[in-house]
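Structure first, then comments.
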Amino acid sequence: MKTLLLLVGLLLTLENGQVLGDKAVSDRELQEMSTQGSNYINKEIKNALKGVKQIKNLIEQTNEERKSLLGTLEEAKKKKEGALNDTKDSEMKLKESQGVCNETMTALWEECKPCLKQTCMKFYARVCRSGSGLVGHQLEEFLNQSSPFYFWINGDRIDSLLENDRQQTHVLDVMQDSFDRASSIMDELFQDRFFTREPQDTYYYSPFSSPHRRSSLLFNPKSRFARNIMHFPMYRHLNFNDMFQPFFDMIHQAQQAMNLHLHRLPDQLPMTEFSEGDNHDRTVCKEIRHNSTGCLKMKDQCEKCQEILSVDCSTNNPSQMQLRQELNNSLQLAEKFTKLYDELLQSYQEKMLNTSSLLKQLNEQFSWVSQLANLTQGEDQYYLQVTTVSSHNSDSEVPSGLTRVVVKLFDSYPITVTVPEVVSRNNPKFMETVAEKALQEYRQKNREE
């Protein structure tokens with residue numbers, strides 16, 4: 001008898017599988033909840049698309065800053081190249097008279113080489129560590145083949161400047177190629193009427209609007225972008241996926257184009273020998289391994305090497321000293337402009353990385369809407385549909401003091417959320433809380449996938 005009474009009691013409290021305490025939730029109430037939740041989701045979609053426009057504006061602003069910086073780079077490049085040309089001209093003129101003082105410099109060079117080798121190998125063993133034996137043999141050959149005149153005119157500094165110029169040109173070319181590829185995609189994307197409407201136009205999409213109004217707001221049928229994605233007559237119904245997936249695909253393509261080429265950049269920009277600390281040491285290690293020229297940077301630590309730099313040949317050839325002074329002046333100027341160019345290049349790279357970061361934000365901001373669009377294949381009018389509402393009184397598995405709500409976002413998997421019972425079902429905040437939690441879980445799962 002007790003069992004029978006219990007069954008009767010359960011039957012009285014059940015209706016279509018939805019329960020809440022002693023009062024069943026009717027189909028009409030579930031529909032009202034679904035409508036309230038759908039309104040919240042609709043608002044979040046609008047906010048997401050507003051966010052897309054805001055990020056688009058930031059990308060355009062960053063691009064304007066990039067263009068301005070590029071102009072400054074071009075001016076600095078002209079000054080740098082002018083100084084480099086003057087340096088090479090002075091070097092050529094000096095080489096024509098290198099026989100002067102050759103005997104004095106050669107004698108000093110023979111005393112300079114052992115000190116230079118010892119100082120360099122100590123540095124390499126302490127800082128660079130790997131492959132000291134091979135580097136020592138390579139350095140021996142380099143010093144034997146080098147001339148004291150090359151040392152006297154600071155040939156290592158000239159070679160470093162020319163190599164930096166080559167690397168800087170390469171870095172800028174890579175960044176420009178990267179941006180041009182991404183920019184062509186973004187230009188096509190941002191020219192669509194979806195992005196060109198005024199900010200106050202907050203009407204983007206609603207499941208309750210007519211297909212005609214929806215298509216006229218989002219697409220300019222004359223644009224190439226619209227023609228590419230609208231292979232069907234304008235009067236046909238546009239589903240959510242048809243409208244948003246192409247945007248997402250193009251944003252993803254732009255981000256890939258940007259990142260692919262930025263990854264080709266060196267870990268650090270070329271003009272690092274003027275910097276201090278670990279970066280400088282790593283650069284010297286690299287130069288020593290490459291062709292031993294990094295060792296010449298240690299000439300200040302060897303007395304005989306310093307004496308070579310102090311040799312005065314003006315007695316035998318007054319014009320040579322003047323040429324050397326001109327070389328040193330143009331060399332210092334070239335180093336100054338090369339350093340300035342490198343600083344501007346780093347700023348330019350930061351702008352590029354900012355654009356890449358904004359594209360990533362654009363991707364993340366838009367991806368959940370786009371992924372959600374893949375689920376909107378049915379004719380259901382609700383974004384969010386409430387299927388079950390229960391509490392501890394009706395389901396012992398529900399923790400005390402909580403209301404459990406099972407919902408579906410479009411055709412997605414069921415999502416279960418809990419709401420404190422202090423927020424009653426009649427409270428306007430109830431379904432807002434449910435929808436917010438459901439959307440958070442959906443976004444989280446979408447990111448993990």
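Every residue, even glycine, has its Cβ placed from backbone N, Cα and C.
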Annotated range (Swiss-Prot: motif 'Nuclear localization signal') out of 13-16, 77-80, 181-184: 77-80
Annotated motif 'Nuclear localization signal' segment (source Swiss-Prot; candidates 163-167, 278-282, 393-397, 443-447): 443-447
Count of other CB atoms lying within 10 Å of the CB belonging to ASN291 (N-linked glycosylation site): 13
Per DSSP, three-state class assigned to SER132 (phosphoserine): helix
Cβ-Cβ neighbours of ASN328 (N-linked glycosylation site) (radius 10 Å): 15
Within the motif 'Nuclear localization signal' (77-80), residues counted as helix, strand or coil by DSSP: 4 helix, 0 strand, 0 coil
Mean predicted confidence [pLDDT] for the motif 'Nuclear localization signal' (443-447): 73
Cα distance (Å, whole number) from ASN85 (N-linked glycosylation site) to ASN328 (N-linked glycosylation site): 13
Sparsest-packed among the recorded positions, when each Cβ's other Cβ atoms within 10 Å are tallied, from ASN85, ASN102, ASN354, SER396: SER396
